[in-house]
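The Mn(2+) 2 binding site annotation in TrEMBL covers A:Lys262, A:Asp267, A:Asp285, A:Glu346. Marked as Mn(2+) 1 binding site by TrEMBL: A:Asp267, A:Asp344, A:Glu346. Residues annotated as active site in TrEMBL: A:Lys274, A:Arg348. The domain 'Cytosol aminopeptidase' feature in TrEMBL is assigned to A:342-349.
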Amino acid sequence: MADIAFTKPALPRHGALVLLLPEEGSGGTLHEAAIAATDGRLPKALEAAGFKGKKGQTATLWAPGGGLSKIVAIGLGKPGDITAENLESLGGTAWPLIAAERESVIAGEALTPEFAARIGSGLKLRSYRFDKYRTKEKEEDKPKAERIAIATADPAKAKAAFAPLAAIAEGIFLARDLVSEPPNVLFPAEMADRCKVLEKLGVVVEIMGPKEMKKLGFGALLGVAQGSVQEARMVVMKWMGAPKPAGRGKKEAKKPLCFVGKGVTFDTGGISIKPAGGMEEMKFDMAGAGTVIGLMAALAGRKAKADVIGLVGLVENMPSGNAQRPGDVVTSYSGQTIEVINTDAEGRLVLADVLWYAQEKYDPAFMVDLATLTGAIIVALGHEHAGMFANDEALAEKLEAAGKATGELVWRMPLGDAYDKQIKSDIADMKNVGGRPGGSITAAQFIQRFVNGKPWAHLDIAGTAWAYKDVPLIPKGASAYGVRLLDRLVADHYED
Amino acid sequence: MQIRLRTVAPRAGEAVALPWAQGTPAPEAMAAAIAAAHFTGEAGTSLALFSPDAVILAGTGAAAAPLDFERAGGAAIAALGDASALVLDARGLQPAEAAAFAAGAMLRGAPPLAIRSVPAGKPAPRVELLTGDRPGTIPHWRAAEASARGTLFARDLVSEPANYLTPAIFATRLRSLEEHGITVKVIGPKRLRRRGFGALSAVGREAASGPRLVTLRWKGRLDARPIAFIGKGLCFDTGGISIKPAAGMEEMRADMAGAAACAGAMLALALRRSPAPAVAILAIAENSTGGDSYRPGDVLTTLSGRTVEVLDTDAEGRLVLADALHHARHHRPQAMIDLATLTGSIVTALGHHQAGLFSNDPPLAAALVAAGAAVGEPLWPMPIGVRHREDLNSDIADIKQCAPSGSGASGGRLMPDACHAAAFLREFVGGVAWAHLDIAGVEARAEADALGPKGASGFGVRLLDRLVAMRFEEER
C-alpha cells in the first residue's frame, strides 16, 4: 500500500497529477499551474476528451508536459455534489487511475483538510488487494504506487483528520483478509487465533472452545459444529474505551454496546447439502464475524470513547457420520428447544447461543448482529441494501442514518406475529426454518427469540458481504460491509 | 349476500351476535360460560353459546379500532355453524362501529364462488343488522357495504377458472359495471395492435381469446384530475415459451387479481357515490404458449415508444403494465397506483402477510400504508435502488424486462426480481406520482380468517377505496 501524505499545493515535476475539477468554476491553483505547465493545452485537451467535470467523470492525458507522466482529471460535479461522502468515493475512483504511478499528487480547489482526508480514505479503501496466494503475478500487473500526496492548505489538520479514517480502513482490511481467506486455511480455531492481533490495539480477547461451550450449554451452536473435525470457537473481544467516571460515587458506567457476528468458516449446508454450483462462495459465510472483528479493530485503532463488546460464534458446517440431522432437536443455551428441519439454516442456530450469552453476560445497551443469513434477502433486496430487522425504533433509525452517511445502506424489513407462527414446531419450542415465503423474516423471528427483549437489530448481509464487481470503495471481492456503518453508528451516538 | 337493517328486537330462537369488548364486564347471564370457555374477547375471536339463548359473543378487542369491529363481525358469522340466519345486535355500538361489524360479517360470510353440478354446502345465511339508530347508521352502512361488495366482486372474478374467464369474457363482465354509473371502454386486439400497444399485444396474441384494454371511469363530483388504478389482468399465465413447472400452475387463474381489485375498487366508489373522479386501466390478456407466442430475445416496441428486450416470457405482467401505465397518463391522473400479482420474489421477501409497496412519491406511499393498515391489508415499503435499474441495461434495446438468470451471484439463482420489476415499471410512469403494489402472495387466503374465507381475498379493493376516502375526496 502506498504511503498517503498531505502537502501544501505544489506542482509535481514527475509522476501523475490528479485534478479534481468542478463543472463550473475554478480548479484551484494547481489547475492554473498545470495549464501553464502544459503551455495552455490542458483545457483544450479536456474539451476534446468530452470532459465536463460531471461527478465521477474521468479523463487521462498522457505526457502532458512539465515532466509529468500524466494528468488525470476527475469531475467533482455541481457544488451540491461536493460532500465528504462523494469525495471519499472519488478517492476510490482515482486509485486504479494512478496505481501504476510511483508518485502522484491529488489537488483541487475544494480540498479542505477534512475533504483531503476523505480522499485519502477512499484511495486506501480501494487499494486493498488480497494477493498472498498469487505466486506468479507479473511485476507489471502489480500496483507500483509508493507515495500519494494530497494537496491541501493545512496538511497537519488533514493528517489529523485522516488518522481515524486510516484506523477504520485497517479494520476493514482485517475483515476483508478474513473473508477472503480460503476455508482450508481459515477454520474456526485459526480465525479465533487471528483475533489476537487485536490485543496489540488494547482489545481484551477471550477464546472459548467446545469444552467451555458444552459446559455452558451451547447446544444449538455445537449441534452445527459437530459434523466437522474442526472444533468450534466463540471469541469475545472487549474494547472498554469509554471515559471512566472520575472519583467514587459518580454515576455508573454506561452499558456496553454488543456486536455479534455469524462465523461459519465454511457452509456445505451439512446433511441438507447445498448444490455444487457456487458452493465455493460459502467461504464467506463468516463475513458477519469478519465484520465484527474488523469493527473492533477500527474502534480500538481510533480509540473510540465507548465500551464495545464484539462476540463471534465460529463453526464449520459439514456433512458427516456425526453431523446433525434434519429432525434433531437441540437445546439452546437459553433453554429453549429447537427442531432442526434444515441443517443449512445453521447461522441462526449459532447466533441463538451467542446472542443469549451476550445479553445475559453483558446486559448491553443494544445488540446488533450481522450474518450472511439467507438467500431470501438477496431475492428480496439484491446487493445494494442489507436487510435490517429491529425491535427498537430508535436503533433502527440510527442505523438507517449511519447507512446513508457511509453508503453501506440498510433497508428495514418487517417482523410480526404472523411470521413468528411460521416457525412453530410440533415437537419443540420452535423449528429452524419457516418455509420459503418471507424466508428472511422468519429467520429474524427465530433470532428475536434469543434476544430476551433487549434492544436489538439484525442485519442480513448475505447480499452485501461480497462485491461481484469493482465499486469506488471496494475492489471486487470481500466488502467488509458493516464496518463503516457500525463505526459510524458508534461515533455519531455513543461517544461523548 | 345481502344484509338488511332492522330495528325490531330479536325474537326468541333467533341467533344473535353480540359484540363484546375485551376487559369489559361480561353480560351476567353468560359470565359463567365465558369463564368456563376462557373467552377473552380478543378481536377476531368468538364464542357460540346455545343456552339460554343462541348468542354468539364476538370479541372486539381492547383498543377497538374500526378494523376490530370488522373482525368481530367476521368471527361471529364464522361461528354460526348450521344456523341459517343471524341478527347482528349492534344496539350498543356507534353507527360507524355497527357498519364495520356488519361489513365484517359480509366479508367473512359470503360464500366463495363454486361451480358444482349439485349445490354443496349451505346457502349464504340471512343476516340482519339490528341497530337503535337506523337513520344514523344508513350512511355508514352504505359506505361499508360498498367496499365489501367491491371486494366480493373482485373475489368472484379471481375465483373463476380461466376457461370461464377468458379475456373477452372478462371484458364483458366489466361491462356490467355500467349499471352502476361507470363508463366502460374496451379496446380489442386489433385496435391494440394498430395503436401501438406492442407489449400487451405480444403477451396476449397467441391465446385464442386475444388481449383487451379496459378503461373504467367514475366521474365523481369534484373538479379534479382523476386518480388512476392500473391492474394486471392475466386471465391465465402459462409462462409462455418460458413455461412454468406444472405443479401449482392452476393458481395462475388468479393472475388477474390486480385488475379484479381495481375493478372492485371502482365498483365500491360508484356504489357509495364517491365525489372523487377515478379511472381504472386494466390490461387483460392470457399468456399462452404456442406457435405465435412471443419469444425470449424478442424486442418489443411499447406504447411509449420505448423498446424492451424480452428475456423471460413469464415476466409478462410488467410488459402489459408498461403499456397500461403509459396509456393511463393520457387521463392526466393526480396519481397512478398499479396492482399486480407480479413476482415470486415478493413472496420470498414478505411472505403471505403483506404486499410489497414501491413508489416514487413518499406522501402517496405513506397514505397507502395508512390505508392498508386501516383495512387490514398491510403494505411494506420496498426499495428501487440504483443497482436495480442498472441491472436492466440492455445491449440491444432501451431496457431489459428483467435481469438475466444464469449469471451473477450464485449462478443467478437469486435475483431481486420484485425490485427489478418495479424499476422497470417506473420507466413508464413519467413524472406522475406513482405506487406499485406487488400483491403476489396475498391475492388468496390459504386458510380462512376473520375477514374472509379460504380462497380469493380481493386484496386491494378496500385499501384503494379507503385511500380515496382518506386523500382524494376533499374539495381543493
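In case you wondered, yes, glycine gets a Cβ from its N, Cα and C as well.
Features as recorded by TrEMBL, highlighted on the structure.
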residue	record	contacts (Cβ under 8 Å, 6+ apart)
A:Lys262	Mn(2+) 2 binding site	A:Asp285, A:Met286, A:Gly288, A:Ala289, A:Val312, A:Gly313, A:Gly347, A:Val350, A:Leu351, A:Asp369, A:Leu370, A:Ala371, A:Thr372, A:Leu373
A:Asp267	Mn(2+) 2 binding site	A:Lys274, A:Met282, A:Asp285, A:Glu316, A:Asn317, A:Asp344, A:Glu346, A:Gly347
A:Arg348	active site	A:Ala371, A:Leu373, A:Asn432, A:Ala443, A:Phe446, A:Ile447
For the domain 'Cytosol aminopeptidase' (A:342-349), sequence-distant contacts whose Cβ falls under 8 Å of one of its Cβ atoms, 6 or more beyond its ends: 220-221, 223-224, 262, 264, 267, 269-274, 285, 288, 315, 317, 319, 323-326, 330, 332, 371-373, 432-433, 443, 446-447
Residue counts (helix, strand, coil, in that order) that DSSP gives for the domain 'Cytosol aminopeptidase' (A:342-349): 3 helix, 0 strand, 5 coil
Integer mean pLDDT for the domain 'Cytosol aminopeptidase' (A:342-349): 98
Collapsed DSSP category at A:Lys274 (active site): coil
Binding-site residues compared (A:Asp285, A:Asp344, A:Glu346) - highest count of Cβ atoms within 10 Å: A:Glu346
Surrounding CB atoms that lie within 10 Å of the CB of A:Lys274 (active site), all protein chains: 17
A:Lys262 (Mn(2+) 2 binding site) - helix vs strand vs coil (DSSP): strand
Any further residue of that chain within 8 Å (Cβ to the Cβ centroid of A:Asp267, A:Asp344, A:Glu346) of the recorded Mn(2+) 1 site: A:Val224, A:Val264, A:Thr268, A:Gly269, A:Gly270, A:Ser272, A:Lys274, A:Met282, A:Asp285, A:Asn317, A:Thr343, A:Ala345, A:Gly347
